[in-house]
């Protein structure tokens, strides 16, 4: 009896402890859901979107974090997480190791050489790296109560949200296509920006990409001390970027550009629809030239004269627009129907991606600034399929520039430099190639005001624009490539001890019958087996007999491919092995 009483007492104690823990867990869950709801209320309430807190907590504590990435290096990697957590106190992401944890790639210490991935699209920038700390899932017992984020998250950094070029090139375009890289993400994801900036001047543009309000790092503190994402994608695709800013070598086009005008225009179509901007005809009722007017620096000092001369030269209306005085939707509406866009070098020129096909971009450069050294907008305008004409004009007359050496250094001032360096900069005729981002000579020159020499500008434009500028109706500009030639065959014959013939034939690529192609040619490579060199032939027919330099009793390797319009090279068919 005594032992039975003791056992019953212990059992009651255990049951009481279990019930107490269950009640506390339910209270815990209710409290956290209320906190999350309150935290989200001012941002973007999501009716009906809740998470089963006890189940989520159990999955995290038992299973841990799960990660699978695409990409071979940190510069091209995007990772998909389940149950990735973030400590607002430590400002670090956490990977909890549990029974079901997966970490692919499992890099060990190589994860810190230098990072798991880039959070922004600016490649290998040491302020944009992403990594996490590791903990056993059991550590959750000693940590703040986790708040589970029910949304699918896309976690990234904005590079410079106050600069329109950076907003489009580094953020919006990559975000747009990253959201479409994974099924359903564009409709479900909430954007989480972790770089630490405030909203910035163009935050409304980021809101267009997702039906859910983006969140900044500073806003996460209102949700809880420890946040856990049930489902998160981390990183951005860099495939749409075309320019590097000069952190390692002087700025210029990327070495391997993978985007075309087609992808740019798909993006701009989406943006104009979200901005409620119509492409149906010019908003002013006629064709016009659009001039970007700057109001604070890099001014065009004879802007009125420039407008008049452009109107007279091209017999078209001229209109000014500025980022300061127009809404961005109005800017897009004007740009997307303009025949020509004229602007000083600057971030506003990224709006050229909204220009219609056949329009002209005219970029003006201040004194001593070489257009060949600063080409983000030239590179954009000349992407395959953008179908824009590009003109660069440079002020070559020192007297036509107004400098501002007294301004702060970040606005081109040079009075903080020693007198010898100031004198050198003032006498310089061209800014040397340099790295980003604080070169005083570059800043001094790029923030100059300019009186445009009208005759030299018109001469520069006329070298490119032969007739009346403006959009033109064009055929589908996408270049379609041939497939492999089919049924390639070879036949050899020997004529005597020193002569031989090699006949090669093939059928057209099967996709050719569905295409309208101006010119079709075939390239044939002949290589004697064992030799390192080959002889190329360009042919118009689907068969040919080779006699020159064909040897008897010799084996030849033969490759054949189709070429459209002299530049669209198809793949080689499988190699033919032909013996004479």
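Backbone N, Cα and C define each Cβ position, glycine as well.
When the residues 99, 565 are compared with Swiss-Prot, the one annotated as N-linked glycosylation site is 99.
Residue-level annotations in Swiss-Prot identify, among 276, 337, 276 as N-linked glycosylation site. Of the candidate ranges 5-25, 26-46, Swiss-Prot annotates residues 5-25 with the feature transmembrane segment. Around the Cβ of residue 99 (N-linked glycosylation site), the number of neighbouring Cβ atoms within 10 Å comes to 9.
In three-state terms derived from DSSP, residue 276 (N-linked glycosylation site) belongs to neither a helical nor a strand segment and is classed as coil.
Its Cβ placed at the centre, residue 276 (N-linked glycosylation site) has 9 other Cβ atoms within 10 Å. Confidence over the topological domain 'Lumenal' (26-580), given as mean pLDDT on the 0 to 100 scale, stands at 93.
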